[in-house]
Amino acid sequence: MASKQHAHILSLARSMIPPLHPKLHKGQAGRIGVLGGSGDYSGAPYFSSMGAMRFGADLAHVICEPSAGAVIKTYSPDLIVHTILDPQKSREDIRSALKGVMSRLHVLIIGPGLGRDDHMQSCAKIAFELAKDMEQMGVVVDADGLWLVQNEPKVVMDWPGVPRIILTPNVMEFKRLCDTMKINASGPHTSLCPQLATALGNATIIQKGPSDIISNGLKIPSALLSDESEEQNYLEVKVEGGLKRVGGQGDILSGSTGVLLAWGSEWVRGTYEHVGHPPPQDKAIAENIPVLAAYGASTFNRTVSKRGFQKKGRSMVTGDLVDMVGEVYEEVFGKPGEMEGRGKL
């Protein structure tokens, strides 16, 4: 993608970021939930939620199974941990508890550390059902949340209005989703993401790979494209990433994606208008917040991966990336007060 095109879309993504302002109260700059954390996996929900906090969210909640929660609570006092996915509780008790927590969130990230056992998959399905009925709830799906989508694709389909959902599959997860939806995965790689997004009800997809392909299956509106661009139904992020493929990098992506989706959605609702950041006047921008969030998060995640690899080489682990989120955020999006690059909307 030409640098002019990349700069234009990134400036639009930057426009979603709320200012740091004394008139904003705690929680208005992002209340993010991560549904995951099971008997076998406690690291992934930590990386996703702490990545979201380091990226700029005000609050991060982890919704998990009790044994995972006991461990996650020791990782950081900054996280709010809800151990409500208890296999000893009834489905209705879990639904009620989940509804109470989710009603406080802007975005729910489903999948980090979720696992594939029947109980945790059932909890994820309940969360999808609740989110679909919450008009202002955004959803990001990763890891074993995608396993549920593969087996029950209807959980991400038929959302009212503009689908407020972003999927972040890696190569194998993407192939399995294509198989489920009967899409020939041997076609041109830039055509597959739009096909899958269309089949899944126009959910936005980040198809992770050597470059990241982003699509909701629809034509990209001209407002998102530079003058030199041809008509297309996908965006491609070619920003260089790191060479170390370490477990947990996708959790950093899901966290940053969730924050940008929350910021963009609140921007459109006018939450930041009283601090000099009015909602976009262009309807095409307002209707493509998930696409812009995906593009900004992909650019950020590839950059933090590159910086981590440059610093640590083969020894790089995801904990190194969490520590670098703040500085790479400023590299990609600018420091507070250095926002002259916002898109003109």
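Cβ atoms are placed via backbone N, Cα and C, with glycine included.
Annotated features, as they stand in Swiss-Prot:
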type	residues	note
DOMAIN	9-332	domain 'YjeF C-terminal'
BINDING	G113, N170, V171, M172, E173, F174, K175, R176, D251	(6S)-NADPHX binding site
BINDING	208-212, 241-250	ATP binding site
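Overlay of Swiss-Prot feature records on the structure.
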| residue | record | contacts (Cβ under 8 Å, 6+ apart) |
| --- | --- | --- |
| G113 | (6S)-NADPHX binding site | G36, G37, S38, D40, Y41, S42, G43, A44, P45, C64, A68, A143, D144 |
| V171 | (6S)-NADPHX binding site | K208, G209 |
| E173 | (6S)-NADPHX binding site | L146, Q150 |
| P210 | ATP binding site | none |
| D212 | ATP binding site | I206, E236, V237, S298, R302 |
| V246 | ATP binding site | M316, V317, T318 |
| G248 | ATP binding site | G43, A44, F47, V317, T318, L321 |
| G250 | ATP binding site | D142, A143, T168, N170, K208 |
| D251 | (6S)-NADPHX binding site | G43, A44, P45, F47, S48, G51, P112, D142, A143, T318 |
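Put simply, K175 ((6S)-NADPHX binding site) is 22 Å from K244 (ATP binding site) when counted between their Cα atoms. In sequence order, S305, K306, R307, G308, F309, Q310, M316 constitute the residues six or more apart from G242 (ATP binding site) in its chain with CB-CB distances below 8 Å. In the three-state DSSP scheme, G250 (ATP binding site) is classed as helix.
Each residue in the domain 'YjeF C-terminal' (9-332) has a pLDDT score, and their mean in this model is 96.
Annotation note: G113 ((6S)-NADPHX binding site) sits in a coil segment as assigned by DSSP. Neighbour density around each Cβ, counted as other Cβ atoms within 10 Å, peaks among the binding-site residues K175, K208, K244 at K208.
Reduced to three states, the DSSP call for D212 (ATP binding site) is strand.
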